[in-house]
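Enquirer: Per TrEMBL, the features are:
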- 189-211: transmembrane segment (TRANSMEM)
- 255-280: transmembrane segment (TRANSMEM)
- 292-314: transmembrane segment (TRANSMEM)
- 326-350: transmembrane segment (TRANSMEM)
- 356-378: transmembrane segment (TRANSMEM)
- 413-435: transmembrane segment (TRANSMEM)
- 447-473: transmembrane segment (TRANSMEM)
- 485-505: transmembrane segment (TRANSMEM)
- 517-539: transmembrane segment (TRANSMEM)
Amino acid sequence: YQDKEEVVLWMNTVGPYHNRQETYKYFSLPFCVGSKKSISHYHETLGEALQGVELEFSGLDIKFKDDVMTATYCEIDLDKEKRDAFVYAIKNHYWYQMYIDDLPIWGIVGEADENGEDYYLWTYKKLEIGFNGNRIVDVNLTSEGKVKLVPNTKIQMSYSVKWKKSDVKFEDRFDKYLDPSFFQHRIHWFSIFNSFMMVIFLVGLVSMILMRTLRKDYARYSKEEEMDDMDRDLGDEYGWKQVHGDVFRPSSHPLIFSSLIGSGCQIFAVSLIVIIVAMIEDLYTERGSMLSTAIFVYAATSPVNGYFGGSLYARQGGRRWIKQMFIGAFLIPAMVCGTAFFINFIAIYYHASRAIPFGTMVAVCCICFFVILPLNLVGTILGRNLSGQPNFPCRVNAVPRPIPEKKWFMEPAVIVCLGGILPFGSIFIEMYFIFTSFWAYKIYYVYGFMMLVLVILCIVTVCVTIVCTYFLLNAEDYRWQWTSFLSAASTAIYVYMYSFYYYFFKTKMYGLFQTSFYFGYMAVFSTALGIMCGAIGYMGTSAFVRKIYTNVKID
């Protein structure tokens, strides 16, 4: 800024403190606007439009390094209707957010006295702005001037601005909004360490079980090779070798299955890239930049979805590859947009600023049809041509063998339910931090932690699904594809159950809008996480199954 240059105070939104997502335009409450009218226009980004940022000019005249003594900028004619609006806002702990030079400032609308009969409005905004050279680096707001709300009176709104030199560097001006004591708490470090120990334990367990048991299995199978036919008929063969003619049989519903695997690989790619970008760039300093980045990366990684989904479908002998490509491309966008569309109706009914404008909806649909779909097609064609040929180590028998009876705890349904417990255990502390930064007023900035947790989650998921699959194949049940996918994906069920616990015990949310917003988007988050874990689990298990059947001699 130059000296005396205009500094804009933007009014963003106002809403109940306990419901972070339930926000309304600042001037939906009967506040009055300052006298200054002319202003350079504000352009919002896609991420801001989706997150319900509604910047409106406050009308306050602020100039760089120019102190303003206490000045009245407008007055409110308080009739019965306006008083009721303010009283309702004060009862529900409404507070508002403003921006100066992209720095957020929060202030509370008013307060009630102890017995809740009289209500008071804060009428005086005392701004202290810190500058370093020609940049604004710090803003503080003090609300003063308590005025009792009495119908049919005039209330004067006033403000003052004080400029002071500050030593804060422009790059570090967001540090005061971060909460290291919360995010870098001992518990956080301890939980990472704990998960890490679990990973080492699991990897050790898996390698030990598999090395020793597989070595025994191989020894037994090669001994059986050396017997003559008479002995072989007497010896009872059992174990995973028996299903070698069925283990590479295509899964049931290959179309849906390959679409889920493709989508899961894409979600994994998006998570990885966005976390890396967030570690390098401080995305939290700009409104809506995290969401905009995620949308852009999701669109750009569509070939990953096409490649893995398309090649898997081709290997399973699928014929309707165009249908598979469409389902794969629109599976996640349809889920997210469907939820958003449903919640949008409630937002419109509430007149909330979260209601997504029509133009933004059109923009998102255009991204789906003109960016995601063509890139998906490219990926699918590459996948079909590069790795679409079935090259299984064993050939598939013409007639599927019957699956023998087995103990109840070896049934796929039981394995699926138990498979998600360990992956959930490795991430649930991190879930608490992520939920708190999304549903409460913390800025999440420890993306290094998130990266570690993602790596730990992948390793745990793969280990667990390999063990589950080994048990399943040993019980001579060859339906391992869906079992490996679902036993990893059941993590999602546990995360969603945890979100219920979080809602009732960790937040004070209320009202239809906030509740439906919470459970709607938590369902989307859990499902996406589940699809990602499922794809990771399937990929690891698939490599394992190929490996063990390549090494065994089969006539």
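Cβ coordinates come from backbone N, Cα and C, glycine included.
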Enquirer: Are there residues at least 6 beyond the ends of the transmembrane segment (255-280) whose Cβ is under 8 Å from a Cβ of it, and what are they?
Expert: 290, 293-294, 297-298, 301-302, 304-310, 312-313, 316, 318, 320, 323-324, 327-328, 331-332, 447-448, 450-451, 454, 458, 481-482, 485, 528, 531-536, 538-539
Enquirer: Counting only pairs at least 6 apart in sequence, do the transmembrane segment (447-473) and the transmembrane segment (517-539) share 3+ Cβ pairs under 8 Å?
Expert: yes
Enquirer: Which listed stretch (326-350, 413-435, 517-539) has the most C-beta pairs under 8 A with the transmembrane segment (485-505)?
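Expert: Highest pair count goes to 517-539.
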Enquirer: Could you check if the transmembrane segment (326-350) is in contact with the transmembrane segment (413-435), meaning 3+ Cβ pairs under 8 Å among residue pairs at least 6 apart in sequence?
Expert: no
Enquirer: Are the transmembrane segment (189-211) and the transmembrane segment (413-435) close enough that 3 or more Cβ pairs fall under 8 Å, when only pairs 6 or more apart in sequence count?
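Expert: They are in contact.
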